[in-house]
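Structure first, commentary second.
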Amino acid sequence: METAAQNGSSNQTGTARVKRGMAEMLKGGVIMDVVTPEQARIAEAAGAVAVMALERVPADIRAQGGVSRMSDPDMIEGIIDAVTIPVMAKARIGHFVEAQILQSLGVDYVDESEVLTPADYTNHIDKWKFTVPFVCGATNLGEALRRITEGAAMIRSKGEAGTGDVSNATTHMRKIGGEIRRLTSMSEDELYVAAKELQAPYELVVEVARAGKLPVTLFTAGGIATPADAAMMMQLGAEGVFVGSGIFKSGNPEQRAAAIVKATTFYDDPDVLAKVSRGLGEAMVGINVEEIAQPHRLAERGW
């Protein structure tokens with residue numbers, strides 16, 4: 001898998017090492033959802049390491065319902081032109097043509113995202129065929145390893161997007177971390193059984209067991225609305241944070257964005273966290289995840 005796969009519309013190649021290296025450069029940072037060039041500029045000024053360009057933040061996607069698809073190319077290009085930091089954009093699970101379009105537009109990363117309506121309930125995108133690196137969500141180690149096998153260069157624990165409720169984010173991050181720790185104590189013959197249970201290649205399972213971590217960057221997402229939320233996820237083992245509705249659905253987006261960036265950097269310093277948490281205004285109202293019926297939970301999408 002170290003050899004590059006080539007996309008039909010490009011004569012460039014992107015090896016796993018290059019793609020994963022690009023994701024490594026975002027470690028320790030915050031990636032913010034933005035729907036306009038102005039929001040993108042606010043995110044960049046606040047210290048975001050990248051922005052996610054989309055037409056509706058997850059809270060609006062959840063509230064408005066219907067089929068949610070890739071954003072309009074004009075909107076994505078407007079955000080690319082507005083900032084100097086990397087720009088990500090979302091494609092539907094399994095929709096390889098949306099991914100081809102996003103690569104053609106020149107986005108820096110494609111997020112094969114459960115926030116959008118899945119296009120294929122059996123297959124995820126073959127990410128090895130693309131030069132652009134992919135981000136994918138996971139609720140457990142098995143999901144993460146299957147996405148890496150398909151070519152993902154970054155994993156984000158899913159959480160429950162658009163809620164402002166961090167409980168699922170903590171559940172998924174603890175689950176992934178706990179399953180990795182379990183692997184590290186196994187003998188090689190036990191790892192064969194673990195690979196079957198995880199539905200992942202044995203060689204990849206062994207690599208994780210020996211390293212005690214994923215071979216790609218692990219961010220967190222879903223329900224992060226305050227500096228304390230971001231710091232907690234970093235203390236639980238996240239290497240960076242995605243923030244969606246939590247910033248631009250709040251009372252003071254500019255200040256909250258900067259506070260979450262600082263909290264992500266100084267996640268283990270309670271004095272700094274207390275300082276940046278002051279006077280932020282009202283956080284997004286949000287939804288209690290327990291009030292969302294199982295079939296309507298976005299984190300359930302993907303397999």
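Glycine is no exception: its Cβ is also placed from the backbone N, Cα and C atoms.
Here's what Swiss-Prot has on this protein:
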{"type": "BINDING", "residues": "Asp33, Gly162, Gly223, Gly244, Ser245", "note": "D-ribose 5-phosphate binding site"}
{"type": "ACT_SITE", "residues": "Lys90", "note": "active site, schiff-base intermediate with D-ribose 5-phosphate"}
{"type": "BINDING", "residues": "Arg174", "note": "D-glyceraldehyde 3-phosphate binding site"}
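The least crowded of the recorded positions Lys90, Arg174, judged by other CB atoms within 10 A of its own CB, is Arg174.
Cα separation, Gly244 (D-ribose 5-phosphate binding site) to Lys90 (active site, schiff-base intermediate with D-ribose 5-phosphate), rounded: 12 Å. Each residue contributes its Cα atom, and for Arg174 (D-glyceraldehyde 3-phosphate binding site) and Asp33 (D-ribose 5-phosphate binding site) those atoms are 24 Å apart. Lys90 (active site, schiff-base intermediate with D-ribose 5-phosphate) sits 10 Å from Asp33 (D-ribose 5-phosphate binding site), counting Cα to Cα. Other Cβ atoms within 10 Å of the Cβ of Gly223 (D-ribose 5-phosphate binding site) number 30 in total over all chains. When the binding-site residues Asp33, Gly244, Ser245 are compared by the number of other C-beta atoms lying within 10 angstroms of their own C-beta, Ser245 comes out lowest.
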